[in-house]
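Visitor: The structure follows.
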């Protein structure tokens, strides 16, 4: 029969099944059989023959390997030495197609990864982390795993970072609850406050000073007033304006709450404690407000010029300083004057209160220490050659600043 032809032969009548003889030269020898659906009218050029998987005697594809077969292969593999295992694996991988190789790669890849910090002693892992000087790198590393996060919560790492960035612990920082890291190094056991929290606060402040902070909310006064004084505490942001108004905002979201009106001139000084606000300005008045109700409780008269500075001892006592060169001590709970503090020869520009003592700085280049209970001037501090613009007092030391870039201690 010529090559390239297909014939169906029935050797004798008693034979019930026909035999298919394939002699087409183009078919590979390993192809077991070919569909005969369209063999009677093959197009030109002829399409590739349709290949089918082997069929069992029952006419169904062979079933997947059973558990017994897998167990036998596994036991045989376990009994091989290393060289035999490698040879068998190489043979199996060479027999895999791309999809199967991808499956093997995805299955093996996680098993080849090792957490080197987890394999090392804790002390050595902490020592390795101590060489990282960038807090952003540490923050990203803490997201790798729960173990790394627990490791990076250790106070030893953050104490080293505080030292490297020169973030010294200040005595004014109140201790917080002792940290409870997963791994207690000697440094973390003796810590009385959180170095991690301390570093975070200082780092944010340093970054904001260097690069500028992020603006949360911006409020523009409808009448283009200039901000002259401001205080922010736990609940409120209170802003004094040169347009006679006092604006109050919510500290949590920056939203506007209310406006206090009543001053006849610009507001140049203010302070509040809890719900009590005291303000002073160009109208020479000191006003006492209830922040909650926006009610002006008292209007205190006495100064003969602009009230330029103001401090509260508590919710009952306030001290005001004026361009008339005097200070006045007020009982703001009852709305009455307690003492007139006279002695400065020029405007009282700044002041600070600690306990029953107030220190004031003036344009007469001196600072004075007063007892607000008795109204007595305790000390006169001289040494500046220009107007004093700022002052700080912690009950022990007094620091004064003046116009030409220097300060006195």
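Placed from the backbone N, Cα and C atoms, the Cβ positions cover glycine too.
Found this in TrEMBL, in case it helps:
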type: DOMAIN; residues: 114-161; note: domain 'F-box'
type: REPEAT; residues: 260-299; note: repeat 'WD'
type: REPEAT; residues: 300-340; note: repeat 'WD'
type: REPEAT; residues: 341-380; note: repeat 'WD'
Visitor: Using a Cβ cut-off under 8 Å, which residues of the same chain at least 6 positions beyond either end of the repeat 'WD' (341-380) come close to it?
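Guide: Non-local partners: 305, 308-313, 317, 319, 321-329, 386-395, 398, 400, 402.
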Visitor: Six or more residues out from either end of the repeat 'WD' (260-299), which same-chain residues have a Cβ under 8 Å from its Cβ atoms?
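Guide: Distal contacts: 228-229, 231, 233, 236, 238, 240-248, 305-312, 314-315, 318, 320, 322, 328, 330, 332, 335.
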Visitor: Would you mind splitting the repeat 'WD' (260-299) into helix, strand and coil residue counts from DSSP?
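Guide: Going by DSSP assignments, the repeat 'WD' (260-299) contains 0 helix, 24 strand, 16 coil.
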Visitor: For the repeat 'WD' (300-340), what is the mean per-residue pLDDT, to the nearest integer?
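Guide: The predicted confidence over the repeat 'WD' (300-340), as a mean pLDDT, is 96.
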Visitor: Report the DSSP secondary-structure composition of the repeat 'WD' (341-380) as helix, strand and coil residue counts.
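Guide: Secondary-structure composition of the repeat 'WD' (341-380): 0 helix, 25 strand, 15 coil.
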Visitor: What does the DSSP secondary structure composition of the repeat 'WD' (300-340) look like, as residue counts for helix, strand and coil?
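Guide: Taking the repeat 'WD' (300-340) as a whole: 0 helix, 24 strand, 17 coil.
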Visitor: Could you give me the DSSP helix, strand and coil counts for the domain 'F-box' (114-161)?
Guide: 33 helix, 0 strand, 15 coil
